[in-house]
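Colleague: Here's a structure for you.
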Amino acid sequence: MTYSRNLKPYLAAVLKLLLGLVVAFPIFYALMAGFKTQSEFGTFPPTILPHSFAYLDNFRTVLFETPILRFMWNSFFVAIVVTVVRLILSSLAAYAFAFFKFPGSNFLFFFILGTMMTPSEALLISNFITVSKLHLLNSYLGIMIVFFVSATQVFMFRQYFKTVSGTLREAAFLDGCGDFRFYSRICIPVSIPIITSLGLSSFVGVWNTYLWPLLVTTKAEMRTVQVGITLLTAHEGSNDTLVFAGIAVILIPSILFFILFQRNMVGGIFNGAVKG
């Protein structure tokens, strides 16, 4: 029994390592393919490592001969605005559900949670018709508007706000503190961990979204990076290595965010899920 217990941490470490390799291999392969010529990429049997890392034509073409930087700016702008607006709206709604007792509050809260079970693809047609009637096609607002509200973030914020003592709120109100001041001066500061994790996950999620921007944008200058990367195929015909170089470039922001804030993301989401 003791031997089995001592072995479990090592088995868990090996399993995590294998899962990490499975996740990281496609990224590594895309990066290596970016250093290959098209003829080298098509050789059989295929190789993972390029013959030389000095071949940078694919990356040079992606960065300077395609609008990839414009696509990345579009995605960055959309992701930042959506993240900020979503955090504000979700935290305000969560504050109401955590501290206000009004008729139907529980029903409304669980109704919002129920929307999490509706796949986003089921709402594509209705959302597209609405955005089209509002004349928001080929605009930043048209891309962003469907992402402004998140039931998941409302739930996570509510659970976090529930940890704030009701006695503390009563004492603050006796000292003349209103709801907005209590929300901004007390609830938000103590919720920095969950704000960080939800903000980062929101940014990465919006950065990687593909289908909705594809539907609401037809102008090349409004394409987001995930949609724009598909244009590289048309740019150089069937140059697969050029596409892989583009994929490697657009993965950089997501990888950097994950490396820098991994602990905040996991810890904040875990705390938000179990508190309350």
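Yeah, the Cβs are placed from backbone N, Cα and C, and that goes for glycine too.
Predicted automatically and left uncurated, TrEMBL annotations should be read as such.
Copied straight from TrEMBL:
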type	residues	note
TRANSMEM	12-35	transmembrane segment
DOMAIN	72-261	domain 'ABC transmembrane type-1'
TRANSMEM	76-100	transmembrane segment
TRANSMEM	107-129	transmembrane segment
TRANSMEM	141-161	transmembrane segment
TRANSMEM	182-207	transmembrane segment
TRANSMEM	242-261	transmembrane segment
Colleague: Given the transmembrane segment (182-207), which of the listed stretches 12-35, 76-100, 107-129, 141-161, 242-261 has the most Cβ pairs that are under 8 Å apart from it?
Modeller: 76-100
Colleague: What stretch in 12-35, 76-100, 141-161, 242-261 has the biggest tally of Cβ pairs under 8 Å against the transmembrane segment (107-129)?
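Modeller: Looking at each of 12-35, 76-100, 141-161, 242-261 in turn, the most contacts to the transmembrane segment (107-129) are made by 141-161.
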Colleague: Would you say the transmembrane segment (242-261) and the transmembrane segment (12-35) are in contact under the rule of three or more C-beta pairs closer than 8 Å, pairs 6 or more apart in sequence?
Modeller: yes
